[in-house]
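Annotated in Swiss-Prot:
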BINDING   His114, His118, Tyr135, Asp320  divalent metal cation binding site
BINDING   Tyr135, Val136, Ser137, Gly138, Gly139, Asp167, Gly182, Glu186, Asn292  substrate binding site
Amino acid sequence: MLAIGLEGSANKLGVGIMLHPDDGSSPQVLANVRHTYVSPPGEGFLPKDTARHHRAWVVRLVKRTLREARISPDDVDCICFTQGPGMGAPLQSVAVAARMLSLLWKKPLVGVNHCVGHIEMGRLITGSTNPVVLYVSGGNTQVIAYSSQRYRIFGETLDIAVGNCLDRFARTLHISNDPAPGYNIEQLAKKGKQLVELPYTVKGMDCSFSGMLAAIDALAASYGLDGPQSDEAVDANSPAAVEAGENGKPTRADLCFSLQETIFSMLVEITERAMAHVGSKEVLIVGGVGCNERLQEMMGIMARDRGGSVHATDERFCIDNGIMIAQAGLLAYKTGFRTPLKESACTQRFRTDAVFVKWRD
């Protein structure tokens, strides 16, 4: 079976083609292409601008995936698309494209939960069996475990997502958004040496990041580190970003280092608590923030201390992509699931545990 997957819940537009061979052998990624809307330094991406980007690029990406996979529309069994969660306008622009392909190619639609797409792609690539999942991205922060054909949420953010916290601090420092603000924060953090104390807010298996963001924004302002320092965006490799401050004054690199260390410590704590609760020795990290090497390192230390292991994917599959939507969509399609055209509206707050996972025991 072949599926084409369309993802566009945020600023990344992805199209992928997945093959599930009829002989039951391992699924194959035939094509996985992506194009990112990059906003100017110091700014986030607005829904209307992101949707405009997706509309401009989606047909080109679909054509490119068909060429790379060396297939025709006749070979495709279903059209899978992200139905939520995400930003309304970008979601809708990709849903319209999916409906167009469904009508044009006369193929059934399969609406996919974005979070479930991340989980299923992570399970496929890493080979993890029944892990505790840490899902961390620009719009989501959840600790998840599978039970009784649902991906149950054991803990989550009480306000903003971890990726949103990192991205917004990148705006405060006027760090470049290319290739991604979180990535540039990570590169600066590697050069930081001074740990600045920040609010640490964990409540059971839930966490909060808004207070931490407010505190570090205030610190940056008090040390004159907020806003553009020159006519150009801050380069993570520039000496000005990492030079030691006077009288122990923290640098931008120190603030990025402190933010990462505090956030990731919170994530490790709630993940370990979930592991103890469900009795799992595996952790699967998914979502765009899951690419962060320091997060993987800290989680690995915790997991090994418990006699367990950590699984993560590289940027091809960790960052939003179309192939994860094709993978999750095909799993649902093979159980008989279809999304009628009249039920294909997007849901911005599509909960992970709202999906009936019929394809797992």
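Every residue gets a Cβ built from N, Cα and C, even glycine.
Here the features listed in Swiss-Prot are painted onto the structure.
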residue	record	contacts (Cβ under 8 Å, 6+ apart)
His114	divalent metal cation binding site	Glu7, Ser9, Thr82, Gly84, Pro85, Gly86, Asp320, Ile325, Phe350
His118	divalent metal cation binding site	Tyr135, Ser137, Val286, Gly287, Met324
Gly139	substrate binding site	Ser9, Ala10, Pro85, Gly86, Met87, Ala161, Gly163, Asn164
Gly182	substrate binding site	Gly138, Gly163, Leu166, Asp167, Ala170, Gly288, Val289, Asn292
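DSSP assigns Tyr135 (divalent metal cation binding site) to a strand segment in the three-state reduction.
Cβ-based neighbour count (10 Å, all protein chains) for Asn292 (substrate binding site) stands at 26. Of all Cβ atoms in the shown protein chains, 27 besides its own fall within 10 Å of the Cβ of Tyr135 (divalent metal cation binding site). Of all Cβ atoms in the protein chains displayed, 25 besides its own lie within 10 Å of the Cβ of Ser137 (substrate binding site). Secondary structure at His114 (divalent metal cation binding site), taken from DSSP and collapsed to helix, strand or coil, is helix. Every protein chain considered, the tally of other Cβ atoms within 10 Å of the Cβ of Asp320 (divalent metal cation binding site) stands at 27. According to its DSSP assignment, Gly182 (substrate binding site) is helical. Under DSSP, Asp320 (divalent metal cation binding site) is assigned to coil, being neither helix nor strand in the three-state scheme. Those residues noted as binding substrate (Tyr135, Val136, Ser137, Gly138, Gly139, Asp167, Gly182, Glu186, Asn292) have their most widely separated CA atoms at a distance of 18 Å.
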